[in-house]
Structure formats: structure tokens, C-alpha cells
Amino acid sequence: MASQPSSLKKKEEKGRNIQVVVRCRPFNLAERKANAHSVVECDHARKEVSVRTAGLTDKTSKKTYTFDMVFGASTKQIDVYRSVVCPILDEVIMGYNCTIFAYGQTGTGKTFTMEGERSPNEVYTWEEDPLAGIIPRTLHQIFEKLTDNGTEFSVKVSLLEIYNEELFDLLSPSSDVSERLQMFDDPRNKRGVIIKGLEEITVHNKDEVYQILEKGAAKRTTAATLMNAYSSRSHSVFSVTIHMKETTIDGEELVKIGKLNLVDLAGSENIGRSGAVDKRAREAGNINQSLLTLGRVITALVERTPHIPYRESKLTRILQDSLGGRTRTSIIATISPASFNLEETLSTLEYAHRAKNIMNKPEVNQKLTKKALIKEYTEEIERLKRDLAAAREKNGVYISEESFRAMNGKVTVQEEQIVELVEKIAVLEEELSKATELFMDSKNELDQCKSDLQTKTQELETTQKHLQETKLQLVKEEYVSSALERTEKTLHDTASKLLNTVKETTRAVSGLHSKLDRKRAIDEHNAEAQESFGKNLNSLFNNMEELIKDGSAKQKAMLDVHKTLFGNLMSSSVSALDTITTTALESLVSIPENVSARVSQISDMILEEQSLAAQSKSVLQGLIDELVTDLFTSLKTIVAPSVVSILNINKQLQHIFRASSTVAEKVEDQKREIDSFLSILCNNLHELRENTVSSLVESQKLCGDLTEDLKTIKETHSQELCQLSSSWAERFCALEKKYENIQKPLNSIQENTELRSTDIINKTTVHSKKILAESDGLLQELRHFNQEGTQLVEESVGHCSSLNSNLETVSQEITQKCGTLNTSTVHFSDQWASCLSKRKEELENLMEFVNGCCKASSSEITKKVREQSAAVANQHSSFVAQMTSDEESCKAGSLELDKTIKTGLTKLNCFLKQDLKLDIPTGMTPERKKYLYPTTLVRTEPREQLLDQLQKKQPPMMLNSSEASKETSQDMDEEREALEQCTEELVSPETTEHPSADCSSSRGLPFFQRKKPHGKDKENRGLNPVEKYKVEEASDLSISKSRLPLHTSINL
């Protein structure tokens, strides 16, 4: 952090670049009439100006320049002033010399930027006018700031014009404007100039400044060209000098001087385009010559050439201190956006971009005391008085014209020689200034190194303290580590024993693995043979079962059916004929008797009904009367509340029907889900069938898992050594049993899974069809129910609405109907009696008809019995022929079944005797063995006990550490003395006069190159007593460490 201010200070001493600002004006009237397009793009945020060099259509060929500030066409005067001038004005008040000058093509707004314009009709004052330029705003703010600060000040202004390489005073009180001024070098400032006869006017307020500006603008040379109607034909330099009085702490009065030069350059122009002829052409030539000289000066400053052509132009001579001197400088480059000004725009931007690299070294003007200023003024007054007296009294020197010419020639030659010598002196002074700067830099670096050395010594002391603490901690840790090494050695012995036992057990495990590999190979072979045999046997038995099932089913069906049918047919036909004949004869005999008995019963019943009809007539008359009275009461008590309940029921039915519609939608969704679920279920069942078959094949590979169990036994072997032998035997037996138990149910599981999977698939398909049919029926019923329900609700609502209105009409109709009912009952009883008489006649006719029918039916029955007996005889003969053919086919099926059974027995014997392999013991399996290994481990003593033991041996070590700290402090003192001596020799004036001299005295070597005579003693004394104790205690480890003192080396 200490080096950061010094670096900033160095950067300030190296200088500051000239600030370059670019301002682009908007299109003027002539450019609009010429239909010119814009080729310039200004980016205020990124501070970039882009120029299209290839035309309007080609947007790729661009030149981009970066400046300190960029202002576009819409920028106002106040924005330029606040961004560019306000920071510079503060530096002027601080006592710096500052310069702002505008450069650019003619007609691009240089004069507008520097001086501005007055608004029409003088609506605004100078300070409020938005068109006011930098000069009026600057003077306004100078007076504002100085009056606000309350300091005593004076402001002097001057306005100089450079026209055709001649100097003119625009503020001269004389009427002769053509009076030329002379320019001399300032003896007090080597880069400054003095203009003899230039009028400096003291201004006291802002109004005087505005009058001076108007006076100078009126005298300045302007002319009309094709490029600009009011083209400035000269350069103008407006200088503002501020004297400010300050009072020091001691009460001494000082004068602080700040100077601001505001330069408005004439525009560079193309004579062919501007239309300048004769006088205007000469003016343009002189303007371009001065601007070219300015460009060469800028190029020379950027390239740092030894000669800079300031004297080739009056303009560059005046701006000498502003370009590469001790002045804070800003350049405002003005450009045009029009396409036909592209060459001048690029030239201006190139010029401004080069000027960015000029480095100035701004310095505050020397503050003068009041006495020195008065003395300077009095000397100037006395000199002027003497000149005035000599002119009045003519006491000067008078010589001839020839001698005067010779004297002037000598003076000119001497002046040229003086100029050359001055330039040489300037070069030598620059070299001297560079050497002094290098010396000051080295001195500052030396001071910085001293401060760094002090901080490093302090850090070294702190690190020494930390070193002593770490040494003590290191001793403790070494003592503890020695104890840990001893315990580690014992643990290493026990671990080696355990490794030996592990090697023996791994050998036994490898033997077991080989046995398991043999058994696994045999088991795999048997499994493959078993699988192939099972497949063949399954196919054989399936064929046998199919043959047996088909043959037995056919035989049983044919034999049983034929025998039963034939026997039943014969017995049933005989019994049927007997029963038919007997029942027919009995029925024929009993029919007339039954009919006559039934007719007598019917006649009796008719008589009873006649008597009952008379009784029912009287009973009906009483019931009708009671019905009328009950009906009126029921209409009042039942119908009215029933109507209300019906309306409520209708509302509930509407809610129910809405719910039923939602239920129907849910049922449809459920149907879709059931369809998808059943399809997924069928797929899953097929996959289950395949997976069960594959799982049965994989279950036969469980023997391979035995090896993985043994691997896990091997991993846990190091932790369970004491239970190794017993667990191996038990697990091995368990694994063999597990293998047998797994192998037995494999076939049964396979058959059961196949049967169950087929049954499940069939059942699921049946259930799916049923569920689909039921769901379809349910949906249709629900939809039909919903439609009927809605119709019923609508009808019930209509009926209920009409029920209340029709209650009165219903009651009237009921009374009428009761009257008609009474008359109809009387009429009904009369008709009933007539009907009974008619029925009696019909029954007598029926008796006669039945007797005729019985005779005809008896003849038909006898005829059908004869036909039945003939058909039975024909069927008996055909049954006998079919039975003989079926017996022959059964004999052929039994012969094929015997053949298949014999081939199956031969395959079974071949599988049991040839295909299966046996596990023959080799005698290489390891026997059970008891392993001996250590079961207890040595532990290190607790850390607290070890540190207690160390504290008993610590006093001699503390003495040695204190001696080492004293020696290091002595070393630090010696090194500090050597460093101070070296720095004194570097800073001494002898080193400045003889930079090549080196430190060759007795104490001239740097401290880090000198040898210390007591280094070996310190190394011998640095041996740690705890290490001595360790060497004596653990001689077999032979650990010896030396502690060397800390040496620091600081390289300057």
C-alpha cells in the first residue's frame, strides 16, 4: 500500500496527455440542398467516432477513432462547456496555465464553439443565452467562483489576432487596426513569449467582458467563401490572466497566478472548393501554412524527434508552452457529417488522433510574495522612466548608418548563434532534467527501501517470536512423534504376523475356490444336460398326453354314448309305446265324464254368482257414497302437500340426473382405463410367462452366487479371523443344501407357472370381454336413463304446474263420475245376469265338441306309434356298424402310444447313466485348521502424559533458545548498521559526481555479502537438547536433526 501513492506521484511527474474532444455539427442548409448523406457516427458512451469511407451502401469499410470525449450533432453548448471547460477552470484557479483551442475545417463550428452567438432580439443575457460559447461562459464562471470564494483577485484579458503571419491587437485603443506587434522570447520562461505592445485590459465584472468580446469580434477579419458566409480568416488567441492573493499561516501575503488561453484557429480549406481567389487565396495559403506547421510540431512531439519546428510559424511559437510544455491543454476538433467533406473530416480526425499522444507536464505557477512583486514592478517602472528620459533629452547613442547596419548584421548573426546555443542548452537541460529525474527516482526508491526495511525488521522480530513458539511446539510434536514411532514399530510386528496368517488363509481359500470351480463346472454341465433333457422329455410327454387324451376321450365318448343311447332308446321306446297306448285309452274314457262333471260345477257357480251380484249391487252403492266423501277430504289433505313434495322431488331429480350424466362420463373414462389396463395386463402376463422361464434359467445359475458369497467371506476374513473355520464349514453346508433345495422345485415351478399363466391369460381375456360388454350396457342404460329422466322431469314439471290449476275441475269431474258409476253398476248387474245365461248355453255346445275331438285323437295316436317303432329299428342297425369301426381306431392309437412310451424310457435311461456327471474328490481341498495370531494391539500413551514427561526435560532447552534469540538480535543490529552505511554512501554527493564508483572500502560491501565470523559457533549451539535426548533414548532409529539460526537477505 505504501508503494501506490509513490506510483501515482511518478505518473503525475511523467506528465499528462493532451485532452482531445471531437464535436460533430448537424447538416447546414447548403448540405441539405446538395442531398449529402451522413458518413459520421458518434458514440458518446463509448467515446468513438466511426467514418464510412466507401459510401452509403457499404457499411463494412469503416474507420473508427477513439477520443477522450465525443459530442454528436444534438449536443448543446452548455454540454460541451460542462464536460470540457469546467474541470480546466478549476485548475486555472489553482494556479495552472491552461489552453483550449478549436481546430477543424472551415465552416464546421469552431468560432461557434469558442465564442458562440447571440440569440435574436437579445431575449437572453450572455450568461443565460443557450447559444453562448466557451469564452463568455468561462469569464462568467470565473467571476462567480472568485466572488463566492471571497478571495481578492484581479482579471486581465487580451485578444490577439494572427492574420497572414502578422500579429494584431484586437483590443488596442488606437483606431489603427493595422499596427503590427512584435514577439520576443520570455527570459523568465524558456518556452514562453512576450508580445510587445499587446494591450491587457483589467476587467472588474462580467459586463465589461461581454463588451470586450463584442469589440474584438467586430475587429476580427472575416470574409465570405463558398464554404462559410462568415469565415474567419485569422487565428485568435483570447488570454485571461488571474492574480489571486493568498495569506499563509505566518501572515505573509502571496500572489497566485493562473492563465487561460482560448484559441480559435482559422479553418483549413480547399481553395478549389471554397472559391478563394487573389487575396482570399493568399489568406488561405497562410492559414494552411500555419496549420501545416502545427501538424509538423504535433508529429515531432509524438515521434520525440530532437528538433521541433516551433519557430516556423507565429502560431506554433505562441502555443509552444501548450504543446509539450507545462500547460494543461485541450483540443476541440470540429467536423462535418456530410459526405462531400469526407477528406477534410478524415484529415481532422487523423490530426486530432495524433495529438492525443502529446505529453505535457503541467506545473503550478510560482507564487510571488507581495514584496517581490512590488520590487519587480518598481524595477520595470524605473527602466521605463530611464527610457522615457533618454527619449526626451535625446541622451541616447547616435551612430552612422553604415555602422548601424553592420551592428544590426552582427546582432542578427549573434541572434542566430544565440538561437542555436539556446537550442543546445535546451537539449542539455533536458538531458540534465532526465538525469535529475533518474536520481530522484533512485532516491525515492531508496527511501522506499528504507521504509520497507524497517517494516521487514519489525516483521522479522515478530517472526522470531513466532519461531520460538513454533520451536517449542516442534519439540513437543517431535517427542510425541517418537513415542508414536515406537508404537508403530510394535504395531508393524503384529501386522506382519497377521499378514502371515492371512497368507495361509488365502491359500486355503484358493483351494476352496478351486473345489467350487470344479463343482460349478459339473453343475453347469448337469444343468445344461438337465435343461435339454427336460425340453425333450416335456415335448415327448406332451405328445403322449395329447395322444392319450384324444384316444381315451374318443373311446369313452363313442362307447359310452353309443351304449347308453342304444339301451335308453330301446327301453324308452318300448315304455313310451306302452304308456302312450294306456294313457290314450284312459283319457278317451275319462274325458266325457270329466266334462259332464265340470259343466255341472259351472252351472252351480253361475247360480251363486247371480245371488252375489244382487248383494254386491247394494254394497257398491254404499261404497260409492263413502268414496265421494273420502275423495273430497283426500283432495284437501293429501293432494296439496303432495304437489309441493312433487316439486321438491323434481328439483332433486334434476340434481340426480346431472350427477348421473357426470357418472356416465366417469364410466366412459373408466371404460377407457379398463381397456388400457386389460391390454397392459395381457402384455404383462405374457412378459411374466417369459420372465418366469428366464428366471428359472437364471435360478440354475445361483451356484455362481456361491463364489460371490465366498468373496464376501474373504473380505470380512481380516475382521473375523477367530470365527473363520466354523463359518466356512457352516456356510459351505448351507450353500450345498440351498443348491439342492433350489434344483428340486425348478421343474415343478416351471410347469405350474406355464399352466397358471395360460389360465390367467384366458381368464383375463374372458373378464375383459365381460367387463367391456357390461360397461357398454351400463353406458347405454345410463344414457337411456338420463334421457328418460330428463323427459320425466320435464313432464312432471308440466304436470305439477297444471295439477294445482286442475284440482277444482278434478273434484267436479269426480262427483260426476260417481253419479255415472252408480247408474253403471245397476246396468252392470243386469248385464251380468244375461251373460251367465249365455255361458250356460255355450258349455252345452262345448260338451258336444269335446266328444268329437276325442274320437279323432285316438285314431291319430295309434298311427304315430306304429311309425315310431319302425324308426327305432333303423337306428339300431346304424349304431351297431359305427361301434365296430370305432373299436378298430382305438386299437391303432394304443399301438402308437406303446411306441412313444418305449422311446421315452430309453432316453430317460441314457440321461441318467451317460449325460449326468459325478463330482470325483481330488484330495486337494484344505482341511480345517486353527490359526494362531495376536489379538491385542499396543496403544501409545496419552498426549498429556507424554507432554508431562517432556516438561521435566525442558529447562536446558529454554536456555539454548534464549541464547539463540540474543544471537539473532545481534545479527539484525549488524545488518541494520551495514544497510544504513550503504544508503549513506549511495546518497552522498560523491556518488552523484562519480556514478561509476563502487563501494570498495573496508565496510563497502553490502551486508548480505559479508561473512559472519560467528556463524559456525551458532550452528554448534543450535543443537536441540530434546534431539539429544531422542538420540540417547532411541539409538536404533538414529534420528539427529540440527537447528540452524535464521539468516535474512534483503536485495535492494
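Cβ coordinates come from backbone N, Cα and C, glycine included.
For G104, Q105, T106, G107, T108, G109, K110, T111, the entry in Swiss-Prot reads ATP binding site, with the evidence type sequence analysis. What Swiss-Prot records for 364-478, 963-988 is coiled coil, and it gives sequence analysis as the kind of evidence. Residues or ranges marked as compositional bias 'Basic and acidic residues' in Swiss-Prot: 1016-1026. Here Swiss-Prot flags 17-358 as domain 'Kinesin motor', drawing on sequence analysis. Look at Swiss-Prot and you will find K145 tagged as N6-acetyllysine. The phosphothreonine annotation in Swiss-Prot covers T457, T925 and is backed by similarity to another entry. Sequence annotations record features per position, and here Swiss-Prot assigns region 'Disordered' to 950-1026, 1033-1052.
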### Query
Counting every protein chain present, what is the number of Cβ atoms, excluding its own, within 10 Å of the Cβ of T108 (ATP binding site)?
29
### Task
Measuring Cα to Cα, tell me the gap between G109 (ATP binding site) and T457 (phosphothreonine) in whole angstrom.
64
### Task
Name the secondary structure element type, per DSSP in three states, that contains Q105 (ATP binding site).
strand
### Query
Within 10 angstroms of the C-beta of G109 (ATP binding site), what count of other C-beta atoms is obtained when all protein chains are considered?
22
### Task
Determine, to the nearest whole angstrom, how far the Cα atom of T457 (phosphothreonine) is from the Cα atom of K110 (ATP binding site).
62
### Query
10 Å Cβ neighbour count around the residue listed as 'N6-acetyllysine'?
15
### Query
Taking each of the recorded positions Q105, T106, T457, T925 in turn and counting other Cβ atoms within 10 Å of its Cβ, which one has the fewest?
T925
#### Entry: Local confidence of the prediction over the coiled coil (963-988), expressed as mean pLDDT
55
#### Entry: Distance [Cα-Cα, Å, rounded] between G107 (ATP binding site) and K145 (N6-acetyllysine)
34
### Query
If you draw a 10 Å sphere on the Cβ of G104 (ATP binding site), how many other Cβ atoms land inside?
28
### Query
Per DSSP, T111 (ATP binding site) is which: helix, strand or coil?
helix
### Summary
A correct count of other C-beta atoms within 10 Å of the C-beta of T111 (ATP binding site) gives 26
